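Novice: Below are the features I grabbed from Swiss-Prot:
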- His8, His10, Glu74, Asp192: Zn(2+) 1 binding site (BINDING)
- His16, His41, His194: Zn(2+) 2 binding site (BINDING)
- Glu74, His102, His132: Zn(2+) 3 binding site (BINDING)
Amino acid sequence: MFLEVETHCHTIASGHAYNNLEEMVLEAQKKGLKGICITDHGPEMPGSCSSLYFYNLIVVPRKINGIMVFRGCEANIVDYEGRIDIPEDALKRLDFVIASLHDVCIPSGTVSDHTRALIGAIKNPYIHCIGHPGNPLYEIDKEEVVLAAKEYKKAIEINNSSFYVREKSKENCIEILKLCKKYGVYIAMGSDAHYKADIGRCEITQKLVCEYEFPPELIVNKSLESFISFLKLHGKDIDI
(Lines of atoms letter the chains of each structure in order from A and count residues from 1; the text may use other names and numbers.)
(Lines give C-alpha, C1' and ligand atoms only; values in the text may rest on other atoms or scores of the structure.)
Protein backbone atom coordinates (compact mmCIF):
# COMPACT_ATOMS: atom_id res chain seq x y z
CA MET A 1 0.00 0.00 0.00
CA PHE A 2 1.39 3.39 -1.01
CA LEU A 3 0.62 6.51 0.99
CA GLU A 4 0.12 9.79 -0.83
CA VAL A 5 0.33 12.14 2.17
CA GLU A 6 2.96 12.30 4.90
CA THR A 7 1.09 13.32 8.06
CA HIS A 8 3.93 13.61 10.57
CA CYS A 9 7.36 15.14 10.03
CA HIS A 10 9.65 17.71 11.62
CA THR A 11 11.92 20.46 10.34
CA ILE A 12 14.82 22.27 11.99
CA ALA A 13 12.21 24.46 13.69
CA SER A 14 11.57 21.56 16.10
CA GLY A 15 15.09 21.93 17.47
CA HIS A 16 16.19 18.31 17.03
CA ALA A 17 15.45 17.65 13.36
CA TYR A 18 17.89 18.24 10.53
CA ASN A 19 16.28 19.68 7.40
CA ASN A 20 14.37 22.82 6.55
CA LEU A 21 10.80 22.91 5.29
CA GLU A 22 11.67 23.17 1.61
CA GLU A 23 14.09 20.24 1.82
CA MET A 24 11.37 18.07 3.39
CA VAL A 25 8.87 19.04 0.69
CA LEU A 26 11.34 18.35 -2.12
CA GLU A 27 12.09 14.94 -0.62
CA ALA A 28 8.37 14.19 -0.56
CA GLN A 29 8.25 15.10 -4.25
CA LYS A 30 11.17 12.77 -5.03
CA LYS A 31 9.38 9.92 -3.31
CA GLY A 32 6.20 10.44 -5.30
CA LEU A 33 4.03 11.78 -2.49
CA LYS A 34 1.26 14.24 -3.29
CA GLY A 35 1.08 16.01 0.07
CA ILE A 36 3.00 16.62 3.27
CA CYS A 37 2.03 17.92 6.70
CA ILE A 38 4.69 19.98 8.43
CA THR A 39 4.13 19.12 12.09
CA ASP A 40 6.86 20.70 14.17
CA HIS A 41 6.85 20.29 17.93
CA GLY A 42 4.97 22.78 20.09
CA PRO A 43 6.88 25.29 22.23
CA GLU A 44 6.98 23.17 25.40
CA MET A 45 9.39 20.80 23.65
CA PRO A 46 12.89 21.97 24.66
CA GLY A 47 14.56 23.76 21.75
CA SER A 48 11.42 24.03 19.63
CA CYS A 49 9.86 27.13 18.15
CA SER A 50 7.42 29.61 19.68
CA SER A 51 3.68 29.67 19.06
CA LEU A 52 4.27 32.58 16.66
CA TYR A 53 5.90 30.11 14.25
CA PHE A 54 2.63 28.18 13.98
CA TYR A 55 0.53 31.33 13.75
CA ASN A 56 2.67 32.48 10.83
CA LEU A 57 2.70 29.18 8.91
CA ILE A 58 -0.10 30.64 6.82
CA VAL A 59 2.60 32.41 4.74
CA VAL A 60 3.86 29.03 3.49
CA PRO A 61 2.48 28.38 -0.01
CA ARG A 62 -0.24 25.75 -0.32
CA LYS A 63 1.79 24.10 -3.07
CA ILE A 64 5.54 23.87 -3.46
CA ASN A 65 6.84 22.16 -6.62
CA GLY A 66 3.40 20.64 -7.11
CA ILE A 67 3.26 19.11 -3.61
CA MET A 68 0.36 20.08 -1.34
CA VAL A 69 1.72 21.52 1.89
CA PHE A 70 -0.49 21.24 4.97
CA ARG A 71 0.28 23.58 7.86
CA GLY A 72 0.39 21.54 11.01
CA CYS A 73 1.80 20.95 14.44
CA GLU A 74 2.62 18.18 16.88
CA ALA A 75 1.28 19.83 20.00
CA ASN A 76 2.49 18.68 23.39
CA ILE A 77 -0.10 17.53 25.89
CA VAL A 78 0.96 19.32 29.06
CA ASP A 79 -1.43 18.01 31.72
CA TYR A 80 -3.70 15.08 32.43
CA GLU A 81 -6.77 17.06 31.35
CA GLY A 82 -5.42 17.02 27.80
CA ARG A 83 -4.46 20.68 27.47
CA ILE A 84 -1.87 21.50 24.83
CA ASP A 85 0.83 24.12 24.34
CA ILE A 86 -0.55 25.90 21.26
CA PRO A 87 -2.89 28.90 21.73
CA GLU A 88 -6.27 28.97 20.04
CA ASP A 89 -5.41 31.85 17.69
CA ALA A 90 -2.63 29.73 16.17
CA LEU A 91 -4.66 26.50 16.15
CA LYS A 92 -7.37 28.18 14.08
CA ARG A 93 -4.87 28.81 11.29
CA LEU A 94 -3.54 25.23 11.10
CA ASP A 95 -4.79 22.44 8.84
CA PHE A 96 -3.79 19.37 10.85
CA VAL A 97 -2.91 19.13 14.53
CA ILE A 98 -1.46 16.07 16.23
CA ALA A 99 -1.48 15.92 20.05
CA SER A 100 1.10 13.72 21.77
CA LEU A 101 2.53 12.83 25.16
CA HIS A 102 6.29 13.40 25.47
CA ASP A 103 8.38 12.64 28.54
CA VAL A 104 10.14 16.02 28.50
CA CYS A 105 6.78 17.80 28.65
CA ILE A 106 4.68 15.69 31.03
CA PRO A 107 5.68 12.99 33.53
CA SER A 108 4.42 9.45 33.27
CA GLY A 109 1.47 8.84 35.59
CA THR A 110 -1.18 6.16 35.88
CA VAL A 111 -3.14 4.44 33.13
CA SER A 112 -6.12 6.55 34.22
CA ASP A 113 -4.05 9.76 33.99
CA HIS A 114 -2.81 9.00 30.49
CA THR A 115 -6.23 7.90 29.26
CA ARG A 116 -7.84 11.06 30.61
CA ALA A 117 -5.16 13.19 28.94
CA LEU A 118 -5.68 11.63 25.51
CA ILE A 119 -9.46 11.76 25.72
CA GLY A 120 -9.25 15.40 26.81
CA ALA A 121 -7.14 16.13 23.74
CA ILE A 122 -9.54 14.20 21.50
CA LYS A 123 -12.39 16.42 22.70
CA ASN A 124 -10.48 19.55 21.62
CA PRO A 125 -12.09 20.63 18.31
CA TYR A 126 -8.75 21.88 16.96
CA ILE A 127 -7.00 18.51 17.36
CA HIS A 128 -7.32 15.98 14.55
CA CYS A 129 -5.05 13.11 15.54
CA ILE A 130 -3.47 11.46 18.58
CA GLY A 131 0.25 10.88 18.07
CA HIS A 132 2.07 7.63 18.92
CA PRO A 133 -0.43 6.35 21.52
CA GLY A 134 1.41 3.01 21.56
CA ASN A 135 4.22 4.51 23.65
CA PRO A 136 4.68 2.07 26.58
CA LEU A 137 5.83 4.93 28.82
CA TYR A 138 2.22 6.15 28.79
CA GLU A 139 0.05 3.05 29.04
CA ILE A 140 -3.61 3.78 28.34
CA ASP A 141 -7.00 2.14 28.33
CA LYS A 142 -6.79 1.59 24.59
CA GLU A 143 -10.46 0.77 24.10
CA GLU A 144 -11.58 3.95 25.89
CA VAL A 145 -9.28 6.10 23.78
CA VAL A 146 -10.32 4.44 20.51
CA LEU A 147 -14.01 4.82 21.35
CA ALA A 148 -13.47 8.52 22.12
CA ALA A 149 -11.73 8.93 18.76
CA LYS A 150 -14.72 7.30 17.09
CA GLU A 151 -17.18 9.62 18.84
CA TYR A 152 -15.29 12.75 17.79
CA LYS A 153 -14.22 11.45 14.35
CA LYS A 154 -10.53 11.82 15.18
CA ALA A 155 -7.62 9.76 13.85
CA ILE A 156 -5.28 7.55 15.84
CA GLU A 157 -1.71 7.52 14.60
CA ILE A 158 0.21 4.33 13.99
CA ASN A 159 3.68 5.84 14.21
CA ASN A 160 6.35 4.02 12.21
CA SER A 161 9.20 5.64 14.13
CA SER A 162 7.89 4.12 17.37
CA PHE A 163 8.93 0.66 16.21
CA TYR A 164 12.54 1.84 16.24
CA VAL A 165 12.77 4.33 19.10
CA ARG A 166 10.09 3.26 21.61
CA GLU A 167 10.82 -0.22 22.87
CA LYS A 168 7.78 -2.50 23.22
CA SER A 169 5.57 -0.19 21.16
CA LYS A 170 4.73 -2.84 18.58
CA GLU A 171 2.41 -4.91 20.79
CA ASN A 172 0.51 -1.78 21.83
CA CYS A 173 0.23 -0.56 18.25
CA ILE A 174 -1.14 -3.91 17.08
CA GLU A 175 -3.78 -3.87 19.81
CA ILE A 176 -4.74 -0.28 18.93
CA LEU A 177 -4.91 -1.16 15.23
CA LYS A 178 -7.23 -4.10 15.98
CA LEU A 179 -9.49 -1.88 18.08
CA CYS A 180 -9.62 0.78 15.36
CA LYS A 181 -10.65 -1.92 12.89
CA LYS A 182 -13.26 -3.31 15.30
CA TYR A 183 -14.88 0.07 15.94
CA GLY A 184 -14.35 1.68 12.53
CA VAL A 185 -11.93 4.37 13.69
CA TYR A 186 -9.66 6.40 11.42
CA ILE A 187 -5.91 5.92 11.53
CA ALA A 188 -3.04 7.99 10.17
CA MET A 189 0.18 6.28 9.14
CA GLY A 190 3.00 8.68 10.02
CA SER A 191 6.75 8.37 9.61
CA ASP A 192 7.56 10.96 12.30
CA ALA A 193 10.55 11.86 10.13
CA HIS A 194 13.20 14.08 11.70
CA TYR A 195 15.47 13.74 8.65
CA LYS A 196 14.41 13.96 5.02
CA ALA A 197 15.38 10.37 4.13
CA ASP A 198 12.63 9.11 6.43
CA ILE A 199 9.80 11.03 4.73
CA GLY A 200 7.05 8.56 3.83
CA ARG A 201 8.85 5.71 5.57
CA CYS A 202 6.03 3.60 7.02
CA GLU A 203 7.08 0.10 6.05
CA ILE A 204 6.34 -1.60 9.38
CA THR A 205 3.03 0.21 9.79
CA GLN A 206 2.05 -0.72 6.24
CA LYS A 207 2.96 -4.36 6.86
CA LEU A 208 0.76 -4.47 9.97
CA VAL A 209 -2.13 -2.78 8.16
CA CYS A 210 -1.96 -5.48 5.47
CA GLU A 211 -1.43 -8.33 7.94
CA TYR A 212 -4.47 -7.37 10.02
CA GLU A 213 -6.56 -6.46 6.95
CA PHE A 214 -7.27 -2.95 8.13
CA PRO A 215 -9.95 -1.24 5.98
CA PRO A 216 -8.24 1.13 3.50
CA GLU A 217 -11.17 3.56 3.68
CA LEU A 218 -10.25 4.29 7.32
CA ILE A 219 -6.66 5.31 6.50
CA VAL A 220 -6.87 9.08 6.27
CA ASN A 221 -3.63 9.60 4.34
CA LYS A 222 -4.02 6.73 1.89
CA SER A 223 -4.65 9.30 -0.83
CA LEU A 224 -4.63 13.06 -1.14
CA GLU A 225 -8.39 12.98 -1.66
CA SER A 226 -9.00 10.86 1.45
CA PHE A 227 -6.89 13.22 3.56
CA ILE A 228 -8.70 16.32 2.34
CA SER A 229 -12.04 14.57 2.94
CA PHE A 230 -10.97 13.82 6.52
CA LEU A 231 -10.03 17.46 7.09
CA LYS A 232 -13.41 18.53 5.71
CA LEU A 233 -15.07 16.52 8.49
CA HIS A 234 -13.40 19.01 10.83
CA GLY A 235 -14.32 22.17 8.96
CA LYS A 236 -11.19 22.51 6.83
CA ASP A 237 -12.15 23.30 3.24
CA ILE A 238 -9.01 22.84 1.18
CA ASP A 239 -8.97 22.64 -2.61
CA ILE A 240 -6.57 20.33 -4.43
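For all residues, glycine too, the Cβ spot is worked out from N, Cα and C.
Let's see these features in context: how buried, what's close, how far.
Specialist: The DSSP secondary structure for Glu74 (Zn(2+) 1 binding site) is strand. When other Cβ atoms within 10 Å of the Cβ of Glu74 (Zn(2+) 1 binding site) are tallied across all protein chains shown, the result is 30.
Sequence-distant contacts of His16 (Zn(2+) 2 binding site), defined by Cβ-Cβ distance under 8 angstroms and a gap of at least six in the same chain, are His10, Gly47, His194. His16 (Zn(2+) 2 binding site) falls outside any helix or strand according to DSSP and counts as coil.
According to DSSP, His102 (Zn(2+) 3 binding site) sits in a coil region rather than a helix or strand.
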Novice: When DSSP states are folded down to helix, strand and coil, where does His41 (Zn(2+) 2 binding site) land?
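Specialist: Its secondary structure by DSSP: strand.
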Novice: Cα-Cα separation of His8 (Zn(2+) 1 binding site) and His41 (Zn(2+) 2 binding site), in Å?
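Specialist: Here the two Cα atoms lie 10 Å apart.
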Novice: May I ask for the distance between Glu74 (Zn(2+) 1 binding site) and His41 (Zn(2+) 2 binding site), taken between their Cα atoms and rounded to an integer number of Å?
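Specialist: For Glu74 (Zn(2+) 1 binding site) versus His41 (Zn(2+) 2 binding site), the Cα atoms are 5 Å apart.
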Novice: Enumerate same-chain residues with a sequence separation of six or more from His102 (Zn(2+) 3 binding site) and a Cβ-Cβ distance below 8 A; give 'none' if the list is empty.
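Specialist: The answer is His41, Met45, Asn76.
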